[in-house]
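First up is the structure itself, then whatever we jot down about it.
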């Protein structure tokens, strides 16, 4: 409690949560965006919010230049009835020190019972601070919820167990981050959400945005790709990693991923890591090449719709979750597979 009080004081914010309100009527979703496009993970958060049975509202935050193009897309989200719009240069780049106080000032005045965000870098940065400011618990990385019981389900122990939790009755607002692979994306179709501007909160943030360096790739984004080809330590070197995986990924139109062992060995960049400490993916097709299947890796890909494993060890744990397994030398089988795919395409 002392920490939360200090956090609120440092931001000049005092919550105004009504103690006599009998029913909190809406769920609010933080709509992330980048380069003029909505983040697909936020669409999954909208689906989770809709499951509460409340009216579902979204909030777009950023500079006018950032949100101008996104707003048109956001208004079409099928399950949103209203979008709150907060435009200011102070909200550029989604810094937690600016966003959390803004959200905390909006929640008490808009009859909000739940606040949702995707369990992304932004959600993981903003929502713990928001929970502290609202004196509520944070329920992180949920994969299911039961509104009738007021419970949430989240994975623990690298996905080997699931935990059902219920936030405290003292929490007037539920603060929730959502594992995007566990919920379908809300459709961007025939929605017609109303737009309401919200008051800009003047806060002197101790944090300033300096710069951002992004890895540019012609391939699909790993986190949202429909197909993923991942390589493990069995590829033996960075040269082999690229030589074997790139043609297969290109032939399938897939993103490239890697196990932690491959990343630690220097075969692939950290941004390509799939697993508990990397990205969690659930593509239509996941091809694991030379990956043994450590628990930490399985936690990041076992929800994939179709898992294909190629490994010369028949006892590799990856085969326990694979839909299709090939026990073979990857240095021989993968080039043959690429050749066969090319023949089919021709």
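Counting starts with 1 at the first residue shown.
Using the three backbone atoms N, Cα and C, a Cβ is placed for every residue, glycine included.
Given the structure is predicted, the values throughout are model-derived calculations rather than measurements.
Annotated FAD binding site per Swiss-Prot: 285-313, in sequence order.
Taking each Cβ in turn and tallying the other Cβ atoms within 10 Å, the top scorer among the binding-site residues 297, 313 is 297. Long-range Cβ proximity for residue 309 (FAD binding site), meaning a same-chain Cβ under 8 A and a gap of 6 or more residues, is found for 287, 288, 291, 293, 316, 318, 319, 322, 324, 325, 326.
When other Cβ atoms within 10 Å of the Cβ of residue 289 (FAD binding site) are tallied across all protein chains shown, the result is 28.
Within the same chain, the residues at least 6 positions away from residue 301 (FAD binding site) whose Cβ sits under 8 Å from its Cβ are 228, 230, 257, 274, 275, 280, 281, 282, 286, 288, 307, listed in sequence order.
In this view, the densest Cβ surroundings among the binding-site residues 285, 293, 305 belong to 293, judged by other Cβ atoms lying within 10 Å. According to its DSSP assignment, residue 297 (FAD binding site) is helical.
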